[in-house]
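A.B. asks: Could you have a look at this structure, given as structure tokens, before my questions?
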């Protein structure tokens, strides 16, 4: 029987396509590669997707600011609309209309690199403030019901999904067969959150009850908790009053409740992933549970602190990162910069080697070329509460990252502010002295001229 010359290439294409679809759809397939990221401006070029696709993840997790759906007025000190200073009369940020927010999601979804990723990996996610609808917004934001519907449309959530019926976009997923299970818990840190200065709620009672059920539910070798804001890092304790960042550390009672819940659940393999801050960072806290808790912050896919300043000032940004007092950041020779933060566009990568003895997990930050810029690797068994005593006894650096930034001496916590204000004071004094010197010299010269 004659066969078409196109038969073999067509069969090969169908095989590869079916393999890709089954990888995304089969919940029992062992997951060994997970990518994640946040802060992707739909109006900006997004070359990072090629690197994400090159990593070949089976799952990609959005951690918020998936689009920038709100608007901002320019910095203005004077004029009709003043956006900064004690005389400010309008907020700098304001929400978009439903039609505009939908259009921005459509722009994001149409990016060729992202479209390629959606074909190859299962995409899940939560939101942060800019896709929620307004910068730094919490439960008070009036457009959250509409924003929830548009986010779930962007994520291709089924029409009968429970996420479309509940107040908030929190969700959980279980991947892999028994013995190689990965559970992903995605939190909603916006819908029920109290004001930043309140030390009130982050999740709200219904979500806390749901989270408790999830953590006490069926076991998994690894449990990834996705939070749009950082869980462990507490930079605001050392960068204020220069600037503050949103984080769980701004709600210390809620964060302590989260740690207690993880600890009491006796669940092994828990780690955090987060976004929001426009730089990458790996943090670790040794006193939140019976084993170290890691937080891998990847931010952003397009937005980054270094790209927000002229290139000549980027080394200065790295110096500031190096001088920032921190007790919970992981310092590793694998980091590209000594501060172990990365201020250029990046994405997060998790690799699990199930075949190693014992199985290993690697947590990385990668740049737009797909190169590692920082990471840690360790046996999954290190995140087992039953092994906590053994780890402590072996001196395996357990409890090394235990003191919080708030516990640092006052001079250490405020050294950035003191350094900046001190530098400004010295410059002012130098300028004044130069002015006095110039005036004195001019006066002497004038008197000498008159005498002659």
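Placed from the backbone N, Cα and C atoms, the Cβ positions cover glycine too.
The feature signal peptide is assigned by TrEMBL to 1-25. Residues or ranges marked as domain 'PhoD-like phosphatase metallophosphatase' in TrEMBL: 35-131, 164-294. Among the features that TrEMBL reports, transmembrane segment is placed at 416-445.
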A.B. asks: Within the domain 'PhoD-like phosphatase metallophosphatase' (164-294), how many residues are helix, strand or coil going by DSSP?
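C.D. replies: Helix (H, G, I), strand (E, B), coil: 36 helix, 30 strand, 65 coil.
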A.B. asks: Taking all residues of the domain 'PhoD-like phosphatase metallophosphatase' (35-131) together, what is their mean pLDDT?
C.D. replies: 96
A.B. asks: Do you know the DSSP helix, strand and coil residue counts for the domain 'PhoD-like phosphatase metallophosphatase' (35-131)?
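C.D. replies: Its residues fall into 32 helix, 17 strand, 48 coil.
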